[in-house]
Amino acid sequence: MATLYSQVPSVSAVFSLYTSFSAITMLFRTILNEIVPKRIREYIAMKAVDFFSSYFQSDFTFVIEQRWEFVENQTFRAAEVYLPTCLAGLSTGKLLVGSSNLKNPAAEPKLGIPVNTKIIDNFEGIHLEWTLHSVETKKYLPEKRYFHLTCKKEFREKIMTDYFTYLAKSAEKIMSHRENLKIYTYNQDRSKWESAIFEHHTTFETLAVEPDLKKTLIDDLDAFSKGKDFFKSVGRAWKRGYLLYGPPGTGKSSMVAAIANHMKYHIYDLQIQSVRDDGELREILTSTKNRSILLIEDIDCGADASRRRQSKKKEEDGGEDDGEPQKRKKKFEVGISLSGLLNFVDGLWSSCGEEKIIIFTTNHKEKLDPALLRPGRMDVHILMDNCTPFVFKKLVALYLKTDEHVLFDPIEKLILEVSSTPAEVTQQLMASKNADIALKGLAEFLENKKLKKGEDSSVEEEGEIEDAETKEAET
């Protein structure tokens, strides 16, 4: 018995061993934190968890990353849309809530997906656990986001064949009934699209355009939305391109809003002049969601910038030493090329994603590069023209709530004689809620434009006469 007790270590020996072990552990932990980068530590920890889980657990985990083969992972997107419906009964100490409704700060906040929190779902009696993870990165995107979906190993095939299909269909149904559309702008500093609630109330009902144009456009949009099988059968990407052109103030932006509200599509508003190069353009455009509108306004400005860059490049190439090709290449990597843009309009990259509408707007169609106007490049060219008698009456009905007035006939005659945009007419109609006052002001405005037009014509004719007399005197 004494021999047995003599083999038991003393308390001081145990405490000394514990102290030494703690010191070694603290030293090792300090070395890891100071020397090994955070990303590598997270990677090692993740691999260790995966390794031990595969041997000692009966669970199986699907990893669903945000990006997949250069584009947004549609399974990740479906999970983002679907999982908030599973949050109502979530038993956790935290819940992500928020609202982007700027016009109604008192609106009820919506539920978001919290990071590193388990979300429970059940599918045909199968227990599923979702977790959203986020890891910082120094690449194009400031963070890497991915979901873990965990289930029992025996249900792996069932989840692959049935659950993910159910997930996609559920997300599509939710998106088709969503309350708010969003408009996105690209934040270069954070390398990501940022959104705001899109609450433009223009619809095809309130849009003041000629009825034939309206009907043609609505029919075209409806056919496009139902044309998945058709586009697949003819081997074309499921997309549609519209070129809106015409003078400023003719309603191009309102037309875009009406299209978005009719189709229930989000809008991605891209300022193309700010894109650094074709590589960034590819990254930006492939990150847009399906069932969306890519809007590039004033495309002629982007074309002008492209031509200026090409001209400058030729001048610089001619004056630089041939022995510094790398320096020349680096100098001109800023700015996109027209070919890079066209690749996404109808080139190979146009097949990335589906059910997308591309809209270009311009005030000067004649300034566009001919490559943008070739047949098949933009499917529909829509002239947004000056105000017509029909558009005038539509605007009066909207703003003054009247369908007839004694001033209608003289104003319609003036509209046919003088070029005026719908924006100019609207501005005059909004000057007063009284129809008599507003229409009288519009008539005076058009009369003044007519007089000015006559004066300008007289000055121009006098100038031509003087030029002719000068030439005759010289001869």
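Note: Cβ is positioned from N, Cα and C throughout, glycine not excepted.
Taken straight from Swiss-Prot:
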BINDING   Gly246, Pro247, Pro248, Gly249, Thr250, Gly251, Lys252, Ser253  ATP binding site
COMPBIAS  457-467  compositional bias 'Acidic residues'
MOD_RES   Thr85  phosphothreonine
REGION    306-328  region 'Disordered'
REGION    453-475  region 'Disordered'
TRANSMEM  11-28  transmembrane segment
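The structure, with features from Swiss-Prot marked on it.
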residue : record           : Cβ within 10 Å
Thr85   : phosphothreonine : 12
Gly246  : ATP binding site : 20
Pro247  : ATP binding site : 14
Pro248  : ATP binding site : 10
Gly249  : ATP binding site : 19
Thr250  : ATP binding site : 23
Gly251  : ATP binding site : 23
Lys252  : ATP binding site : 21
Ser253  : ATP binding site : 16
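Of the candidate binding-site residues, Gly246, Thr250, Gly251, Ser253, the one lying closest to Thr85 (phosphothreonine) when CA atoms are compared is Ser253. Same-chain residues that are not part of Gly246, Pro247, Pro248, Gly249, Thr250, Gly251, Lys252, Ser253 yet have a Cβ within 8 Å of the Cβ center of the ATP site turn out to be Asn363, Met384, Thr421, Pro422, Ala423.
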